[in-house]
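Trainee: Quick one: the structure is below, and I'll ask about it shortly.
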């Protein structure tokens, strides 16, 4: 029976949901995968806790606080690998920072597999990705990042399957932000754009500073990840990105409160675009696009017909279309569903963990 040792970095909202799901499925995984799965390490920004026999499902939060030592992710990797040298070791990075991605290559050199929803790696420096791939090829380490795009939706795995089975990908387009999906699904010509943004913020759909969503940076990272999966060695600086943050309010010197107070002054600009779209029987949506024929990527507000799949969404749903040789433009392959939420995101991460186990050389 394969022994699987898991370390979770960043047990926040999504990380905690993942920890709960792992504990709930431990017995089932033993039967389904013929593997003994143990959560052996936890780390937050300050402390980490390691127990090679498996962390307790009843006291894991308390153990991290009370038994934890100052965090050192290199030490975490060393403990993980040395405690299970002949089994399967997996680091799950549930943070949104650069600290852990900077260490992925060192994890790979130890034969540790990496699973993450952290977009900072997949959309980060190409040199770092190349270094990881070289180390992974040498050690047999694997990387999975399904939840980097579309939360728990099978976006990356679908794209990978299309490519690996020989299909020619022509274009990938999508509404890739749950926040912006909600905003434009709710917005119409009778509403003020600033009111819809305020509503999204009050419902907890936006970041504490809504400009982080409206700037398009989150969508841009997802587009870069999709483009790189398709073989385009692009980066954020090469994308055509339309920010929805008025230039006069983009400065970090403008507080969140001041931004929200002044945003209504720019409602007319959005209203004009919505009115023009409506006059043509269309609606406006914020779309990320990878065009493989022209080898370009964009993130922008576009008008689409009311019968278009992008116009049929509700709530915070994401929708991604794959136009390929097998799935032409009239009938693209469509993936749709919740694009945000701790439980669905954690499930996407968990699915990657299971993929690592199933494809492990000792499985």
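Quick reminder: no glycine exception, Cβ is built from N, Cα and C everywhere.
A TrEMBL annotation is a machine prediction, not a hand-curated record.
TrEMBL lists these features:
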DOMAIN    10-144  domain 'Aspartate/homoserine dehydrogenase NAD-binding'
BINDING   10, 11, 12, 13, 14, 15  NADP(+) binding site
BINDING   95, 119  NADPH binding site
DOMAIN    154-354  domain 'Homoserine dehydrogenase catalytic'
BINDING   207  L-homoserine binding site
ACT_SITE  222  active site, proton donor
Trainee: Same-chain residues six or more away whose CB lies under 8 A from the CB of residue 119 (NADPH binding site)?
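Mentor: Non-local contacts for residue 119 (NADPH binding site): 96, 148, 218, 221, 222, 225.
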Trainee: Highest CB neighbour count within 10 A among the binding-site residues 13, 14?
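Mentor: Per the Cβ count, the most surrounded site is 14.
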Trainee: In whole Å, how far does the CA atom of residue 95 (NADPH binding site) lie from that of residue 15 (NADP(+) binding site)?
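Mentor: With the alpha carbons as reference points, the distance is 8 Å.
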Trainee: Treating G and I as helix alongside H, and B as strand alongside E, what does DSSP give for the domain 'Aspartate/homoserine dehydrogenase NAD-binding' (10-144) in helix, strand and coil?
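Mentor: With helix first, then strand, then coil, the domain 'Aspartate/homoserine dehydrogenase NAD-binding' (10-144) has 65 helix, 26 strand, 44 coil.
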Trainee: Take the domain 'Homoserine dehydrogenase catalytic' (154-354) and average the pLDDT across it for me.
Mentor: 95
Trainee: Could you state the whole-number distance in Å separating the C-alpha atoms of residue 15 (NADP(+) binding site) and the residue listed as 'L-homoserine binding site'?
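Mentor: Residue 15 (NADP(+) binding site) to the residue listed as 'L-homoserine binding site', Cα-Cα distance: 18 Å.
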Trainee: I need the least crowded one of these binding-site residues (10, 11), counting other C-beta atoms within 10 angstroms of each C-beta.
Mentor: 11
Trainee: Rounded to the nearest angstrom, how far is the Cα of residue 207 (L-homoserine binding site) from the Cα of residue 11 (NADP(+) binding site)?
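Mentor: Here the two Cα atoms are 18 Å apart.
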Trainee: Ranked by the number of other Cβ atoms within 10 Å of their own Cβ, which of the binding-site residues 12, 15 ranks first?
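Mentor: The residue with the most neighbouring Cβ atoms within 10 Å is 15.
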Trainee: To the nearest whole angstrom, what is the C-alpha distance linking residue 13 (NADP(+) binding site) and residue 207 (L-homoserine binding site)?
Mentor: 14
Trainee: Around the NADP(+) site formed by 10, 11, 12, 13, 14, 15, list the extra residues of the same chain whose Cβ is within 8 Å of the site's Cβ centroid.
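Mentor: Along the chain, the qualifying residues are 8, 16, 17, 18, 94, 95, 342.
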Trainee: For the C-alpha pair, I'd like the distance in angstrom between the residue listed as 'L-homoserine binding site' and residue 14 (NADP(+) binding site), rounded off.
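Mentor: Checking the Cα atoms of the residue listed as 'L-homoserine binding site' and residue 14 (NADP(+) binding site) gives a distance of 15 Å.
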Trainee: For residue 222 (active site, proton donor), just give me the three-state DSSP call.
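Mentor: The residue in question, residue 222 (active site, proton donor), is helix (DSSP, three-state).
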